[in-house]
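Q: Sharing a structure here in structure tokens format.
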């Protein structure tokens with residue numbers, strides 16, 4: 001005997017919410033990957049704490065795909081065990097998301113230190129490591145900055161102590177940074193640490209927004225699941 005009346009509406013709402021969960025899982029995976037790429041490709045960050053939040057988001061996104069299966073099948077077949085499993089798994093996912101939010105908050109407090117250390121390492125390895133050189137050039141071109149704190153950070157770049165990489169130039173061309181370290185009309189004077197930190201904070205903000213939206217939908221899913229569980233159990237008792 002299936003559920004009837006208002007429980008039918010709850011059943012289809014839960015089925016619809018699971019489709020939304022599937023999209024949310026995809027969104028979490030995409031956002032997590034984008035933040036991870038921003039942390040480790042554009043900027044060569046090796047601090048393990050920095051990877052915590054985006055990796056958790058990717059993991060949670062993958063898990064949501066499987067949870068959506070229990071929710072969809074349980075709602076459609078009105079299976080009490082599957083709907084119960086769906087609700088329990090959602091509660092566990094919310095707990096993990098809270099842990100990710102705490103990790104993100106902790107990382108926010110040490111963001112300046114991580115950015116400073118990573119940029120300093122990238123700058124010091126500029127001449128000897130192609131990947132670091134390409135990463136630093138990309139940062140300086142894209143964010144219109146030079147060095148870690150200022151263009152003066154490149155004083156040991158050339159023997160004259162007054163040259164910077166061409167990627168620091170306002171208009172990039174071959175040898176445009178030669179002897180132009182303090183020339184503000186040719187070379188960006190502001191360091192990259194402030195710009196990179198602002199970029200990462202923007203990415204973290206998107207992670208927080210995505211997590212809050214998905215947490216709200218998950219709570220609604222738990223409410224609908226509990227209502228459907230009650231309706232299914234009542235149907236069993238009538239039988």
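Positions of Cβ are set from backbone N, Cα and C atoms, glycine also.
According to TrEMBL, the protein carries these features:
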TRANSMEM  12-35  transmembrane segment
TRANSMEM  55-76  transmembrane segment
TRANSMEM  83-107  transmembrane segment
DISULFID  145-176  disulfide bond
TRANSMEM  204-229  transmembrane segment
Q: What residues in the same chain, six or more past the boundaries of the transmembrane segment (55-76), come closer than 8 Å to it by Cβ-Cβ distance?
A: 11-12, 14-15, 17-19, 21-22, 24-33, 35-36, 82-86, 89-90, 93, 96-97, 99-100, 103, 207, 210-211, 221, 225, 228
Q: Please work out which residue of 145, 176 has the most C-beta neighbours within 10 angstroms of its C-beta, and give that one of the disulfide-bonded residues.
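A: Max Cβ neighbours within 10 Å, all protein chains included: 145.
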Q: Would you mind listing the long-range same-chain contacts of the transmembrane segment (204-229), meaning Cβ under 8 Å and 6+ residues beyond its ends?
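A: Same-chain contacts beyond the flanks: 3, 7, 10-11, 13-14, 17-18, 20-21, 24, 27-28, 31-32, 35, 53-54, 57, 71, 74-75, 78, 80, 83-84, 86-87, 90-91, 93-94, 97, 100-101, 104, 107-108, 111.
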Q: Counting only residues 6 or more past its boundaries, what in the same chain has a CB within less than 8 Å of a CB in the transmembrane segment (83-107)?
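A: Answer is 14, 18, 49-50, 52-53, 56-57, 59-60, 63-64, 66-67, 70-71, 74-75, 114, 204, 207-208, 211, 214-215, 218-219, 221-222, 225-226, 228-229, 232.
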